[in-house]
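The structure under discussion appears below in the form of structure tokens.
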């Protein structure tokens, strides 16, 4: 492209501080350095994790460009890039895969050493590629997709099938893959099992889809918002309940419902109390509980160790357990083969300039996933 090697001026949604709205600004995006890729974003989803930066529950320096769930096309590449080239359709990866560190080399690992889940805010060389009004702007989780152009490390980019529709396939960059993988890859749900999903947002619905695909015979969805039940049932839940409908602890309610046969539970909210509830609700000896929801920073869990002593398994789950560069292209292929339906998760599509409206839909509970298009 004619812009290769040049600074690009473009539009981005910049966050200048905690609890502030996004400001649509003109920014400058520097060319990619060695082993980096500059990507033109085509569509990006709004995820609850982005809101953690707005609310201050995740650490970040400001100003920052957040967003991490997207599809784009490679505009240019830096020296030494071999896995993608200009014109390739790609999904940015908030969880990179360097294919060299211990986690990448272990068949069960996926938390690459190059991950930025702690708010470092810069690329591998310690600098940013974004400038706005003469000030450096921070990156977010190696991705920063709320902008027309972004720069990523080569390890944070997956080449995908060019037929993938950006406004749908972007969900594979985070929300869908995280939930679906929690069931089929992390928990390894077995046919005929009983599963319980705490939290029926977009990721929770994706967990349900994964449980159904794995052959679970009973899938119970839990949420305090009953407006979410219809969609949960549509994607595969067999029944839904609200904790507000009983004075009993939810673990007792579930035990009464199932005869104490729950093999898998999933916490997809990020609340400490619900994490313990989910652990308490799976079978005391052979149950597995998976923490999927991003926990708040600097908080500690308190729980009875007997919950684990009797044999339960408590697992964490980042990006569904997938090895990002290896598995994301496969998931896109499965989507194109109609093995799962992402349309059920997308409730709103808005132009990028309406990003603040998209977050209001998130706060009001009216949206499952809102996708912004450029």
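Including glycine, each Cβ sits where the backbone N, Cα and C put it.
The annotation Zn(2+) 1 binding site is assigned in Swiss-Prot to 47, 68, 174 on the grounds of similarity to another entry. What Swiss-Prot records for 98, 101, 104, 112 is Zn(2+) 2 binding site, and it gives similarity to another entry as the kind of evidence. Swiss-Prot lists 199, 200, 201, 202, 203, 204, 223, 228, 292, 293, 294, 369 with the feature NAD(+) binding site.
With all protein chains in the displayed structure included, the most crowded Cβ environment within 10 Å among the binding-site residues 199, 201 is that of 199.
Secondary structure at residue 203 (NAD(+) binding site), as computed by DSSP, is helix. In the three-state DSSP assignment, the secondary structure recorded for residue 104 (Zn(2+) 2 binding site) is helix. When the binding-site residues 101, 104, 112, 199, 203, 292 are screened for a Cα within 10 A of the Cα of residue 47 (Zn(2+) 1 binding site), the ones that qualify are 203. Using a 10 Å radius centred on the Cβ of residue 112 (Zn(2+) 2 binding site) and all shown protein chains, the other Cβ atoms total 24.
Spacing of residue 101 (Zn(2+) 2 binding site) relative to residue 203 (NAD(+) binding site) is 28 Å (Cα to Cα, whole number). The binding-site residues recorded for this entry are 98, 104, 112, 199, 294, and the Cα of 294 lies nearest to that of residue 174 (Zn(2+) 1 binding site). Closest to residue 223 (NAD(+) binding site) by Cα-Cα distance, out of the binding-site residues 68, 98, 104, 112, is 68. Excluding the listed site residues 98, 101, 104, 112, the same chain places 96, 97, 99, 100, 102, 103, 105, 113, 114, 155 with Cβ atoms within 8 Å of the centre of the Zn(2+) 2 site Cβ atoms. If you count neighbouring Cβ atoms within 10 Å for each of the binding-site residues 98, 104, the highest count belongs to 104. Cβ neighbour count for residue 223 (NAD(+) binding site): 23 (other Cβ atoms within 10 Å of its Cβ, all protein chains included).
The number of other CB atoms found within 10 A of the CB of residue 68 (Zn(2+) 1 binding site), across every protein chain shown, is 23. Counting only same-chain residues six or more apart in sequence, the Cβ atoms lying under 8 angstroms from the Cβ of residue 203 (NAD(+) binding site) belong to 48, 175, 176, 178, 179, 268, 292, 293.
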